[in-house]
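Here the structure is laid out as structure tokens; the discussion comes afterwards.
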């Protein structure tokens with residue numbers, strides 16, 4: 001069985017984003033950050049090939065008619081530019097990939113609010129695995145829904161920035177933008 005996935009690339013002042021939608025559900029299933037569209041396309045193609053299931057092959061096509069996905073794309077751009085925290089459900093997404101443990105971690109990351117951070121150890125405790133901070137870190141590194149599953153809000157036990165799949169510099173910029181945005185919103 002072939003499953004159709006559509007991709008598009010957006011550019012913002014912060015960075016670019018490569019977005020992949022599942023045609024069957026119209027949900028976002030992959031969001032990767034960076035400015036090199038061809039590099040990101042190659043990464044996604046390699047990832048999909050690696051994760052093809054016995055009975056499912058993925059057909060990745062460029063999104064030509066964006067009307068169905070227009071609102072999600074607009075909201076992701078807002079999210080990337082950190083103009084405001086988006087309400088839950090503003091961008092429908094789903095975990096098409098990932099182990100049960102990874103999905104448990106990713107679901108817990110959804111509870112780390114805009115403008116706040118948590119440690120890998122905090123997340124490990126919240127999912128009932130208090131000694132699994134390193135495994136939580138690996139799950140964060142496997143997150144393929146950048147920003148929506150906010151792994152950029154997770155820091156080391158010393159509260160310092162640690163690795164980020166898309167660069168520590170970008171992680172710092174995203175956190176600073178969220179912090180500024182949260183302060184601006186609290187003044188209203």
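Heads up, the Cβ atoms here are built off N, Cα and C, so glycines get one too.
As the structure is a computational prediction, the values presented were derived from the model and not from experiment.
What Swiss-Prot lists as DNA binding site is 120, 121, 134, 157, and the listing cites similarity to another entry. Just so you know, the Cβ of residue 121 (DNA binding site) picks up 18 other Cβ atoms within 10 Å once every protein chain is counted.
Non-local neighbourhood of residue 151 (active site, nucleophile): 109, 140, 141, 143, 164, 165, each in the same chain, at least six residues away, with C-beta under 8 Å from its C-beta. In the three-state DSSP assignment, the secondary structure recorded for residue 151 (active site, nucleophile) is helix. Positions annotated as active site, nucleophile by Swiss-Prot: 151.
Cβ atoms within 8 Å of the centroid of the Cβ atoms of 120, 121, 134, 157 (the DNA site) belong to the same-chain residues 119, 123, 124, 133, 136, 137, 156, site residues excluded.
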